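J.: Handing you this structure, nothing more for now.
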Amino acid sequence: MTALLHNVSGPGSTAVLLPITDSPFNLTTATQAGPGSSHSLAPLCTLCCCGFVNRTLAVVFMVSLAFAIVVGNVVTLTVFVQTRQSRTPQGYLKVSLAIADMMVGVLVVPFSVYTEISLMVTSSLPIWYQGSSTSLDSSSLGGIVSPWQPCLLIGPVFAGCTFVSISTIFLMTLERSVAILWPLQKDALVTRRRTLLLILLSWGASFLLALAPLIFSSNFILEYNECSRMCNYTPLLLGGQLPPDANILLLFPTFDFTLLGGTLVVNILSFTSIRRYSRKRKLLSEGSLSDGGGGGGVGGCPHRPSFSDIKAAKTIGILTFAFTASFSPIAVFVLGNVVGYTWCNFSFVAFWILTGNSCCNVIIYSVWDHRFRKGVTLLFKRDHSPPHGEKS
């Protein structure tokens, strides 16, 4: 996801970030910017972003989170790839979700760790940060080409993986709803080929949306935000005002909450069917409801969901709740920034709560998915089993 920082440029200097509300740093430039000029860190900063101890704690937290994300999703991918029972449409969707989370742990978080360590060691911004505002300054600097901005890669990766996660959860919900509402037609409607095609479409659409502010507007750049410790979109001020197309960032929360709302509706339909089936099964066990003489299911319901389908639906419902809870602070932050507020402390909490969601899925699987637990057990026991030639 993205945040906003007010940005303005002046003649003969690179862009200047204006300190508003509780922005942690006032990034200023030399009077005459040139190839050797550099940003300097002013003493204005907040508690969460200033001081060697606070930065050290932040780096320790980031490293621990990256380790948890990578290890957890490596286990998830290994279980779903090597377990034959997991080679289903639902298993493919879970693999897609794990890959998106893995990319966050391998690219996004380590980049923030590298940048924070560089700031602690050198007390100055990296050279690539100094040249991030090339769109405004190339003419004033005599045509000098600035260094490549790594945030052009890291920012869209984080946003794209976020969109992939919510779109994959939506597809998982649809797949489970078909299994619960129309169990007899499940194999015909939900095939591996259709699932793989939908996964590819979700990845393509998600990363296209992540690049939308750069594709459809020339008033945004990607910079490393000292508040959130993430690569975020930054609008270029026009006459001291936000550009007229700054609302394009509202596409992000609109997309996510639209899919989350659809996921919620589908979950309600699925759980309503599950509750109706459970109530009939309870009445039948108490003798209050006859089987209808047809033998076609509980309480005359010929299309009853299986126990594994019910458990899978509950697991996906928990995944949806966890993602909604982790994304909501980001949505509030983006809406506030479009209005004109910059919340430094809140932005750090919001962005890293969303990042921490990348290591939550393996925990949810371990608690609620008995097939996943069994796969993990077989995975770790397999290394201790003797070779086939020695079993006799």
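Each Cβ is built from the backbone N, Cα and C atoms, and glycine gets one as well.
TrEMBL: automatically predicted annotations, no manual curation.
Dumping what TrEMBL says about this protein:
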DOMAIN    72-365  domain 'G-protein coupled receptors family 1 profile'
TRANSMEM  57-80  transmembrane segment
TRANSMEM  92-114  transmembrane segment
TRANSMEM  153-174  transmembrane segment
TRANSMEM  195-216  transmembrane segment
TRANSMEM  248-272  transmembrane segment
TRANSMEM  316-343  transmembrane segment
TRANSMEM  349-368  transmembrane segment
J.: Can you name the far-off residues of the same chain, 6+ from the ends of the transmembrane segment (349-368), with a Cβ under 8 Å from a Cβ of it?
T.: 1, 3, 61, 65, 68-69, 72-73, 75-76, 94, 97-98, 100-102, 104-105, 108-109, 158, 161-162, 165, 228-230, 311, 314-315, 318-319, 322-323, 326-327, 329-330, 332-333, 376
J.: Check the domain 'G-protein coupled receptors family 1 profile' (72-365) for me and report the mean pLDDT.
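T.: Per the prediction, mean pLDDT sits at 80 for the domain 'G-protein coupled receptors family 1 profile' (72-365).
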